[in-house]
Amino acid sequence: MNLTSIPALQDNYIWTLNDDSGRCLIVDPGEAAPVLRAITENQWQPQAILLTHHHHDHVGGVAELLSHYPDLTVYGPQETSHKGANSLVGDGDRIHVLGLDFTIIATPGHTLGHISYFSHPYLFCGDTLFSAGCGRLFEGTAKQMFESFQKLNQLPDDTLVCCAHEYTLSNLTFSHTFYPQDTEIARYYHEIKELRSKNGITLPTKLELERKINVFLRTKDVELQRLISTEPDHLDEWEIFATLREKKDSF
């Protein structure tokens, strides 16, 4: 199976998976043109589209892709029913695409109906878990996003986190403010800074790495809790997470 990221819009990535026969699936096509180019250049045969949530930069290309490939199955949560999804899925559902079995994981927070798709090792998590970061809370609550992170954090170390935006460098800058002496964060920051200076793509990332560099996955850390609050013992872990998200909003 071959994993490809297609840059789109300002900082989006549209993910594709294709097998050796050229059959492919498409994840969160925010626009159609770059996907159609990739299909033509690689002689792919699209089989399905996976949608994580209803925002335009994730669904904007669906209608045009369906005009070219009207038989495509478009999987998505209920909130995408008016955005082109023709096969609605929810938490715990399983779908079979390209010979892979994907489990649907409800990951509300960014939107109320946001979902992620997991078929080891691939995790398509939209705007929930970013490399070194966390999606903004447009509809859901910090507690919902925290609980979504806990679900994703149960996946194996070698999970490939295929998120939808190139935010890694700015997220690492935020992480570094809490852990200025952390050698792993510092090392990775310089690696990513060099990569981005050449317009390189920082994704996918592995969950094993994210557990080391992503402050939103380190809310159990007593050192971090003390930086967040003078009375961390009086806060639930999700409240530490919520405070981090508030600080990131104004960072």
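Glycine too: its Cβ is placed from the backbone N, Cα and C atoms.
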Request  = For the Zn(2+) 2 site, Swiss-Prot lists Asp57, His58, Asp127; sort out which one of His165, His176, His190, His234 goes with them.
outcome  = His165
Inquiry  = Using only what Swiss-Prot says about Zn(2+) 1 binding by His53, His55, Asp127, identify which of His68, His110, His120 is listed for that site too.
reply    = His110
Remark   = For Zn(2+) 2, residues beyond Asp57, His58, Asp127, His165 with C-beta within 8 angstroms of the site's Cβ centre include exactly Asn12, Asp28, Gly30, His53, His55, Gly126, Ala164
Task = Would you find the one among the binding-site residues His58, His165 whose Cβ has the most company, meaning other Cβ atoms within 10 Å?
result = His58
Distance, His165 (Zn(2+) 2 binding site) to Asp127 (Zn(2+) 1 binding site) (CA atoms, angstrom) = 8
Query = Could you tell me the C-alpha distance between His53 (Zn(2+) 1 binding site) and His165 (Zn(2+) 2 binding site) in angstrom, no decimals?
reply = 14
Ask   = Given the Zn(2+) 1 site residues His53, His55, His110, Asp127, which other residues of that chain have a Cβ within 8 Å of the mean position of their Cβ atoms, reported in sequence order?
value = Thr52, His54, His58, Thr111, His114, Gly126, Thr128, Gly135, Phe138, Ala164
Task = Give the three-state DSSP assignment (helix, strand or coil) for Asp57 (Zn(2+) 2 binding site).
result = helix
